[in-house]
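Novice: What Swiss-Prot lists as GDP-alpha-D-mannose binding site is Y17, K38, R39, E40, R67, A85, G86, L87, E104, E127, D150, E151, K176. Among the features that Swiss-Prot reports, domain 'Nudix hydrolase' is placed at 43-180, with the record citing sequence analysis. The Mg(2+) 1 binding site annotation in Swiss-Prot covers A85, E104, and the record cites similarity to another entry as its basis. Residues annotated as motif 'Nudix box' in Swiss-Prot: 86-106. The Mg(2+) 2 binding site feature in Swiss-Prot is assigned to E100, E104, E151; the stated evidence is similarity to another entry.
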Amino acid sequence: MTQQITLVKDKILSDNYFTLHNITYDLTRKDGEVIRHKREVYDRGNGATILLYNAKKKTVVLIRQFRVATWVNGNESGQLIETCAGLLDNDEPEVCIRKEAIEETGYEVGEVRKLFELYMSPGGVTELIHFFIAEYSDSQRANAGGGVEDEDIEVLELPFSQALEMIKTGEIRDGKTVLLLNYLQMSHLMD
């Protein structure tokens, strides 16, 4: 027997920027016992992220920006170094990530490669992130990047070896960025 889920109640606690649900559901275990759970679930939509890399120069493009949740959780500056990313809204993942790449990094990417889709915090957040990589060159730089009007993004072109070292030193602590940098290392695309 497989587990069965029955929704008992879905109460919206907040629908400001994203939606916070208070969900009550019954979970029927494999042995037939029914367990009632009450959980808060944060629905922020799905997203996409991309790591830009240059195999000839042995560099990657990352961004640095303020992330309020990290600041609330003790990151004194609130600054986070991460891969370019954004919410899908109503776009397809590849369309979204191309748009975000030019807005945030200033690079107009060519061929992109989708790697995988992952839930990053499935215990309470609905977001499914689509992960991409793309090679970039200096000739693809269309503008300075930096995000849209309500963003303050610094574009960082770093040696790949330095970015990997920044994981070890704790300078890079963003999960999606660590995953993509490690993928790039394991794939030997930078060898």
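Using N, Cα and C of the backbone, Cβ positions are placed for all residues, glycine too.
Locate each feature and note its surroundings.
Specialist: With a cut-off of 8 Å between CB atoms and residues at least 6 apart in sequence, the same chain places I63, C84, G86, G145, G146, G147, E151, I153, V155 near E104 (GDP-alpha-D-mannose binding site), listed in sequence order.
Taking the domain 'Nudix hydrolase' (43-180) as a whole, pLDDT averages 96 in the prediction.
For the motif 'Nudix box' (86-106), same-chain residues at least 6 beyond its ends with a Cβ under 8 Å from one of its own Cβ atoms are 44-50, 52, 61, 63, 112, 114, 130, 132, 134, 141-148, 151, 153, 155.
For the recorded site, E100 (Mg(2+) 2 binding site), the DSSP three-state label reads helix. Applying an 8 A CB threshold to same-chain residues 6+ apart, the list for E100 (Mg(2+) 2 binding site) reads A48, I50, C84, A85, G86.
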Novice: Using the Cβ centroid of E100, E104, E151 as the reference point for the Mg(2+) 2 site, which residues of the same chain not in that list have Cβ within 8 Å?
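Specialist: Checked against the 8 Å cutoff, the neighbours are I63, C84, A85, G86, E103, T105, G145, G146, G147, V148, I153.
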Novice: What count of other C-beta atoms do you get within 10 angstroms of the C-beta of Y17 (GDP-alpha-D-mannose binding site), across all chains shown?
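Specialist: I get 7 for this one.
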Novice: Would you identify the secondary structure of A85 (Mg(2+) 1 binding site) according to DSSP, in three states?
Specialist: strand
Novice: What are the DSSP helix/strand/coil residue counts across the domain 'Nudix hydrolase' (43-180)?
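Specialist: Each residue of the domain 'Nudix hydrolase' (43-180) counted once, the result is 37 helix, 50 strand, 51 coil.
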